[in-house]
Amino acid sequence: MKMKIIFLILILIFSINIIKCDKEFKMLTLLTAQVDDLGFNNMINQGRIEVAKGMNIEDSRLLVVEGFNETFKHLLPIVQNDDIDLVICSSSGHLQACRAIAEMYINSTTIKTQFLVRGSSSPTRNLIYISYNYASANYISGYFAALFSKTGKIGFVSPGQAANNNDSFVYAFWVGARQVNPDIKFYYYNIGNYLDVDKTVAATNDLLDMGCDVVGNTLDDFSTGDASIARGFPAIGTNGFPQRHVYGENVIYSYSYNWTKFFLPIAESVKSGNTNNSQWYADFDFDENKNFYHLDYGFEVNQSILDKMNTEIDYLKSTDRMSHPYYCNELIPQYAKENNLKLANVTGITLPIGCVTHQTFLSINKPFPGMTYLGNYKIKLVEVEFSQSLQYGFSITTGVLIAITIIMMLGIVRYKSTPSIRSASPIFLNFILAGGIIVYIGIIVWVGPANDHQCNARLWLVTLGFSTLIGSLVVKNFRIWLIFDNPELKSISITNYQLFPWVGACLVINIILMSILTSVGDLREIDAQGIDSLGKYEFMKVCKMNSSGASTLYTILAYFAALLLVGVFVSWKIRIVDIQEFNESKAIANTLYAISFCLFVIVPLMISPQDKQSETIVLCTAGLFITTAALLIIFTPKFWRVFTLGDGGTNDMFRKKQSNVATARAESSKSSSGPKLNRRGNLVSDDFTDTETSISEKKVNVVAGAVLAEFTDDTISEFDDNNIEQDNDNDNDNNNNNNNNNNNNNNNNNNNNNNNNNNNNNNNNNNNNNNNNNTNTSQPNDEKVEEKQQNDTEEEDKNQ
């Protein structure tokens with residue numbers, strides 16, 4: 001009884017050890033991409049899953065790595081720490097790293113990891129090799145492509161040498177097609193990678209455009225098939241995945257790998273502790289348990305094609321691999337001679353004339369006669385241009401505004417003698433308009449195609465235009481301030497020639513700053529990618545400068561801001577001027593305020609990343625708004641007064657006739673003589689009081705002419721000679737009247753002191769009344785004129 005119990009315990013322990021052993025087997029599979037590529041990596045993963053199912057492996061891992069450095073870096077710690085039993089290095093890109101780690105632990109007693117790698121070298125105690133005849137799969141695929149093609153043109157997309165893959169498999173595809181049709185037209189591209197969707201799709205589309213109706217590939221994914229289906233062409237699956245399971249009848253042919261048939265026996269051998277490793281080989285085989293490839297056809301493939309395909313596959317199965325057509329054909333000898341390749345000479349095997357070994361086959365890279373190599377494919381970058389409609393819109397709008405501005409300049413010349421134009425200085429008005437035209441031209445250049453010259457020209461034009469426009473506005477404001485902010489009413493002469501240097505100084509500062517920007521800013525056109533939601537292979541020509549140029553640009557903006565602040569201050573100082581022809585402060589201030597407001601929008605836009613096309617739209621719109629608003633605000637009132645008032649102004653000082661008061665004084669004061677001076681010794685008329693606190697609107701024309709001359713150029717602002725003579729006569733009459741009144745007052749003073757005091761008081765009262773009348777020159781009314789005439793008459797009666 002005891003023996004039975006012991007026996008049962010031993011059986012239980014043995015069973016537990018077996019179960020424990022099964023659970024502890026660990027397998028790691030290396031991939032070059034994710035399993036959703038519907039290609040090579042997906043099929044490797046399918047083999048891993050089937051092995052885990054068949055052997056009840058709980059710890060079956062995946063690791064996506066590529067290349068020696070990445071593979072070695074991530075794999076070594078796992079091997080050292082996780083007690084992995086089997087590492088499947090699925091890609092040739094994993095080969096070197098896996099071999100290096102296997103070499104490190106080949107004699108280790110603690111790390112017993114086995115490595116399954118791609119290749120056909122001699123195995124070791126911890127290194128297992130597996131290879132599959134990829135050439136036969138490509139050969140039979142090319143055979144099918146030539147059978148199915150209706151145009152006699154087929155294409156191919158290959159990784160090429162850039163991916164450490166020669167074009168021997170491209171050659172195998174072409175050999176299969178040539179077996180069917182010796183005159184087949186064959187075109188192929190290299191894309192430099194096993195997995196590059198963008199290049200694959202673009203290269204496939206190019207091949208389809210050339211007339212190829214069947215396109216194969218040796219890539220890891222199905223991008224070639226996707227591109228063909230999208231264009232309405234049938235696709236073939238040549239990357240080892242059963243594409244028809246996904247795409248149905250859009251795929252007319254595909255072959256798939258069955259890695260389970262090889263991974264499973266290898267894993268079982270490793271689990272059993274076998275270290276006497278061997279080399280494994282996968283290909284077409286009559287033994288279904290060893291047949292690596294499975295072919296699937298669409299309904300469009302007729303029976304004749306199927307029969308030919310089956311016949312050719314049976315030929316490959318029954319023939320020694322070294323005698324297959326891609327190893328042996330009549331083109332090999334000449335090709336080997338031209339490219340220094342050795343012909344096959346295998347001991348114990350009788351080969352046809354003109355064969356190469358598998359190693360020599362793998363070194364085939366240059367195309368054979370009949371193969372058209374299109375080169376390493378480079379995706380053509382597509383330029384995204386600035387919207388043509390917006391270009392036309394801005395250009396046409398700006399052109400119309402330029403035409404209107406030119407008409408305004410002609411209007412300035414035509415109506416230069418009218419008070420509204422004459423009082424504002426026609427020369428400066430044309431400067432302002434010229435600045436506007438320069439800005440408009442800069443905007444047209446701004447929306448045009450970008451190049452180095454355009455990048456520099458647009459900034460030069462816009463900044464010079466604004467300097468001319470704003471500088472002229474500020475200088476005009478400054479002159480108005482100096483003349484009207486004159487409490488002593490001294491005669492101040494500020495000619496245009498005195499103001500030109502100030503406008504020139506504004507331009508010189510602008511030119512210096514722009515010269516610095518041009519010289520050190522490296523302002524040039526570049527092909528920019530990754531902006532404005534552009535596609536991966538789209539670009540836009542944009543202007544770019546370095547940090548020095550950006551700093552200079554900010555300095556230019558600061559200069560404009562300072563100029564605007566000066567203009568705003570001066571326009572505020574002259575807000576009290578009541579004569580409309582001279583009072584441009586409101587118009588200029590409104591212009592400067594509009595510009596300042598726009599700068600608050602422009603400056604943040606210039607210093608923050610924005611959509612380039614939107615940035616151009618905002619900047620050009622702001623430029624048009626600023627310039628057009630400035631010109632309309634300044635010139636619309638002037639031309640309106642020209643067309644409504646003609647040669648007359650809004651103030652009587654512009655009318656070349658005397659007021660009623662001046663006429664009455666001229667008639668009653670002819671006996672007076674001598675000039676009349678105020679307390680400061682300045683020449684004044686009877687309409688000015690001794691306090692000199694205001695300018696009378698109802699003045700004699702000599703004063704009006706004198707004030708006007710301070711604002712305008714002598715050649716265009718003086719009255720004609722006849723009017724000047726008339727004004728001088730009126731002045732003389734007024735002076736005579738004043739002298740006569742003074743003489744009469746003196747006589748009255750000598751006769752009676754009391755009367756004299758009364759008269760003086762009356763005269764003072766009258767003078768005060770006159771002063772009160774004169775202080776309201778900008779708003780004359782009939783009641784004040786009549787009251788002033790009555791006071792003048794009473795004064796003359798008393799003096800008599």
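Just so it is clear, glycine is given a Cβ too, placed from its N, Cα and C backbone atoms.
Database features, via Swiss-Prot:
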COMPBIAS  718-732  compositional bias 'Acidic residues'
COMPBIAS  733-774  compositional bias 'Low complexity'
COMPBIAS  781-791  compositional bias 'Basic and acidic residues'
CARBOHYD  Asn69  N-linked glycosylation site
CARBOHYD  Asn107  N-linked glycosylation site
CARBOHYD  Asn166  N-linked glycosylation site
CARBOHYD  Asn258  N-linked glycosylation site
CARBOHYD  Asn276  N-linked glycosylation site
CARBOHYD  Asn302  N-linked glycosylation site
CARBOHYD  Asn345  N-linked glycosylation site
CARBOHYD  Asn546  N-linked glycosylation site
REGION    658-694  region 'Disordered'
REGION    718-800  region 'Disordered'
SIGNAL    1-21  signal peptide
TOPO_DOM  22-392  topological domain 'Extracellular'
TOPO_DOM  448-463  topological domain 'Extracellular'
TOPO_DOM  521-551  topological domain 'Extracellular'
TOPO_DOM  608-616  topological domain 'Extracellular'
TRANSMEM  393-413  transmembrane segment
TRANSMEM  427-447  transmembrane segment
TRANSMEM  464-484  transmembrane segment
TRANSMEM  500-520  transmembrane segment
TRANSMEM  552-572  transmembrane segment
TRANSMEM  587-607  transmembrane segment
TRANSMEM  617-637  transmembrane segment
Item to complete: Return the single residue from the glycosylation sites list (Asn69, Asn107, Asn166, Asn258, Asn302) that has the minimum number of other CB atoms within 10 Å.
Response: Asn107
Worksheet entry | Those glycosylation sites listed as Asn276, Asn345, Asn546, and which of them has the most Cβ atoms within 10 Å of its own Cβ | Asn546
Worksheet item: DSSP helix, strand and coil counts for the topological domain 'Extracellular' (521-551)?
Response: 5 helix, 12 strand, 14 coil
Practice prompt. Going by Cα-Cα distance, pick out whichever of the glycosylation sites Asn69, Asn258, Asn276, Asn302, Asn345 is nearest to Asn107 (N-linked glycosylation site).
Written response: Asn276
Item to complete: Express the distance between the Cα positions of Asn345 (N-linked glycosylation site) and Asn302 (N-linked glycosylation site) as a whole number of Å.
Response: 41
Worksheet, complete the sentence: Cα of Asn302 (N-linked glycosylation site) to Cα of Asn276 (N-linked glycosylation site), in Å and rounded, measures 48
Item to complete: Output the single range from 427-447, 500-520, 552-572, 617-637 maximising the number of Cβ pairs under 8 Å to the transmembrane segment (393-413).
Response: 427-447
Worksheet, complete the sentence: Best-packed against the transmembrane segment (427-447), counting Cβ pairs under 8 Å over 500-520, 552-572, 617-637, is stretch 617-637
Item to complete: Give residue numbers and ranges for long-range contacts of the topological domain 'Extracellular' (521-551): same chain, 6 or more residues beyond its ends, CB-CB under 8 A.
Response: 198, 202, 379-385, 449-452, 454-456, 458-459, 611-613
Practice prompt. Could you state the whole-number distance in Å separating the C-alpha atoms of Asn69 (N-linked glycosylation site) and Asn546 (N-linked glycosylation site)?
Written response: 37
